[in-house]
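Below you'll find the structure, written out as structure tokens, and then a few comments.
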Amino acid sequence: EPPQWLKKPKGGVYSVGTNLVLLCEAIGNPEPSIHWKLNGMPIDGRTFRGRISTREISLTNLQLQDSAVFQCEATNKHGTILASANVNVLNIAPLILTPDEENYATVVGYSAFLHCDIFASPAADVRWTKDDSIEPLSTFRYELNKNGTLEIRNTKKEDSGSYACWASNSVGKRAITANLDIRDATKLVVTPKSPRVLKSHSVLLKCQAEYDSHLKHSFKLSWRKDGDELPVNSTEGGRIILDRDTLFISSVLLEDQGVYTCVASTALDAAEAEAQLIVLDVPDPPEDLQLSENQNRSVRLSWKAGASHNSPVNESIIEFEENYWEPGRWQELSRVPGNDTTALLSLAPYVNYQFRVVSVNAVGRSQPSKPSLRYATPPAAPDKNPENIRVEASEPNEMVMKWEPLKPLEMNGPGLEYKVSWRQRGVETDWNEELVKKHSLSVRNVPTFVPYEIKVQAVNNLGSGPEPNVTIGYSGEDVPDAAPSGVSVEVVNSTLVKVFWFGIQRDRVRGHLRGYKVSWWKTRSMLDGKRHHPEKHFLTFVGDRSSGMIPGLEPFSEFRLTVLAFNSRGDGPESSPVVFETPEGVPEQPRFLRILNFDKDSVTLSWGLPKKANGHLTGYILQYQIINETHEVGAVSDVSVANRSVLSWRLAGLSPSTKYKFYIKACTAKGCGKAATEEGLTLAQGSKGSGRISDAVKPTPKFQPSEALEPGTEYTIRLVTKNWVDNNSIFEDVIETRGRAYAGIYEGISTQGWFIGLMCAIALLTLLLLTICFVRRNKGGKYSVKEKEDLHPDPEAQSIKDEIFGEYSDSDEKPLKGSLQSLNGDIKATGSADSLVDYGEGEHGMFNEDGSFIGAYSGSKEKGSVESTGSSTATFPLHA
């Protein structure tokens, strides 16, 4: 065997003064001999200053001249092998191989490694400093590796900065700088953390990432399911969709359950966050149904539960189907709580059962299990009798007994019938019995409304049911045959009375008393004495009552009232009518309140009658108070209008330029009713009044003087219908009265005696001339002009007149008391085609035949104040 190396000598770089040991071992057969050489020449042990042996060479206190190539040669007869070791003894200052100003970065919490590779002989002493400090780093978070690398564990933000690596030996020293940046660590949160989703529903997982802005270019995000990476594009036909930080799964399947991991990575770190998706579903159907412990009326059912799908089974429902009465229809028989998988079932006789089980968890019901084998129970006598036994009758001398029939599962055997027994209560007599198959029995020719004892028992081919209970029922009802007596009325107030009566005797009710009905109707008004067509009203008082309250009556009226009893069959006879009267009440609100005229210190008000007086009117209460824009109100002043026929009033002594609120209430002896209200503003000092003056006009006159107007003032004159609440004009025009300058010519002499005498003389002469004209007219007939007018009437004027006034039949209308009287003469204009200018300076203003105003008042009379212009009839106002 030729030589083989066990150990080869290893060279290296050595510092001056250090020691050297080279080893050399080889094996072979025969054992090889080992020889050392120095720079290719055999070593002479006598001149070699170190120690030499077969297996090693050693030198102490190396010097520069000790640098050489040492060779070990192993030889036997089969071969020779040679190994060399280069020994360099150096004495140089440190050389730092790592570049200066190297930049390093890591994230918070990670370790940072700052490199400082050094070549030096002798070996250099290495230390690190930070920023401007000269102290070496020595805390437990800093570790200096043998190769000069500085490791900073569990880095923090404050570890950022500039670091210096210092290397020195006996020959010299060197230093480099390294810069370290600490970035924010990447953080991930997946929401929801542990979603529980129903099968076939959807789930959305959101991966919320936080990372250092310096790392955004290297940031990557991916998803894994149970460790396997999910592709970025949608999978399974779009059912699973990944969009960077979201994972959407629609129509979740059971196999979608698992751990979903969001993985984020940057150039410096990586992070993961997990979400455990749990898919919920109804349980799988139970399996392997088995019947045991068979008895006539019981059997034990056992089964194996299916998978619960992450929601424990909290209940099992046992259903049955029988194939005789309702084949194919499954009905619930029993429920078993919790995880039990066996139940002892109570069964009914004469039924051919089949069973199945449904498991229930929080999600819902499972599909039913496969049916069990059929199990038939033997027949037996009935266990129960019919329920809800009652008596119904549509005729007085009839009794129809009815009950709820037994259900099919309650029959217990074939041949089911009902044994009906009845007898009159309180009469010692035998039971009447009849066997029927249906669930009703009608008995005729029985006394009206008499109590009976009734029993119904179930019977089949195997026997009878238990002894039935006795039920009390009544034969058919009839309407009551008596009326309440002792009817009386107690008047509570003008709209409310209390009625009392004595109820009818129990045997006269002839049925179950349901209550009493009180009927009443108005016969006449106490105010005008008019009779009214009877309009009946009624109130029902349920139960055995003897009194009741009747509200909503009209005050000051006469009524009639009756009382009757009623039962389920109908109404009995009415009692004799009782007459009563309601006292006076307070009136209703007046129909309106309007302001006719406003002056600087006075106002004229008009109002309407109340809709219902509810008694004899005694007058009105007129109230007023100051109000302002902030709705603050002053003290209320009262004016009593004692004359009930007065419908207008002039209030004086008001403040100029002040807003007032007015109230009017109608009153009877009982009191005053609700007020009608109106608001208005008085005129300022020096302003001319603007208001309304109303005169009543009969339908036939064509002229109507209107006085009490202001000189030199424009007025709007309207003619409206009697029902002026509608405010619909049939005529409207604007006129201006003469000013005071025209009338002032006569003011200086109007009070002189000679002027008064002259005026009287002129009046006498005028009267004499009129008398002569009247006589001559009667002698000579009509004037030619008059004949011409009669032969050729103005058709336009006539049509306008007909259109405006129409035909009136209310010929008895009278003017208001205290108002200006209408003219009853047949005064006509001299020509229908004359212009307004022809009459503008005349002494009397007038209307022409078509109803238009063609004159202006020339009088200088000041507008008079009217203290009371009201009347019980309405007016035709002239609206200013």
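Including glycine, each Cβ sits where the backbone N, Cα and C put it.
Remember, predicted model here, so these are calculated numbers, not experimental data.
Residues or ranges marked as domain 'Ig-like' by TrEMBL: 3-88 (among others).
Taken from TrEMBL, the feature domain 'Ig-like' covers 94-181 (among others).
The domain 'Ig-like' annotation in TrEMBL covers 186-278 (among others).
Per DSSP, the secondary structure of the domain 'Fibronectin type-III' (285-380) breaks down as 0 helix, 45 strand, 51 coil. Look at TrEMBL and you will find 285-380 (among others) tagged as domain 'Fibronectin type-III'.
The region 'Disordered' annotation in TrEMBL covers 365-386 (among others). Beyond the ends of the region 'Disordered' (365-386), by six or more residues, the same chain brings 282-287, 289-291, 294, 296-297, 299, 301, 303, 306, 317, 319, 321, 323, 330, 347-359, 403-406, 410-414, 416, 418, 439, 456-466, 468-469 to within a C-beta distance below 8 angstroms of the stretch.
The domain 'Fibronectin type-III' annotation in TrEMBL covers 385-478 (among others).
What TrEMBL records for 483-585 (among others) is domain 'Fibronectin type-III'. Each residue in the domain 'Fibronectin type-III' (483-585) gets a DSSP state, and the totals come to 4 helix, 56 strand, 43 coil.
Residues annotated as domain 'Fibronectin type-III' in TrEMBL: 589-686 (among others).
As annotated by TrEMBL, transmembrane segment applies to 754-775.
Marked as region 'Disordered' by TrEMBL: 860-880 (among others).
The annotation compositional bias 'Polar residues' is assigned in TrEMBL to 866-880.
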What mean pLDDT score does the domain 'Fibronectin type-III' (589-686) have in the model?
89
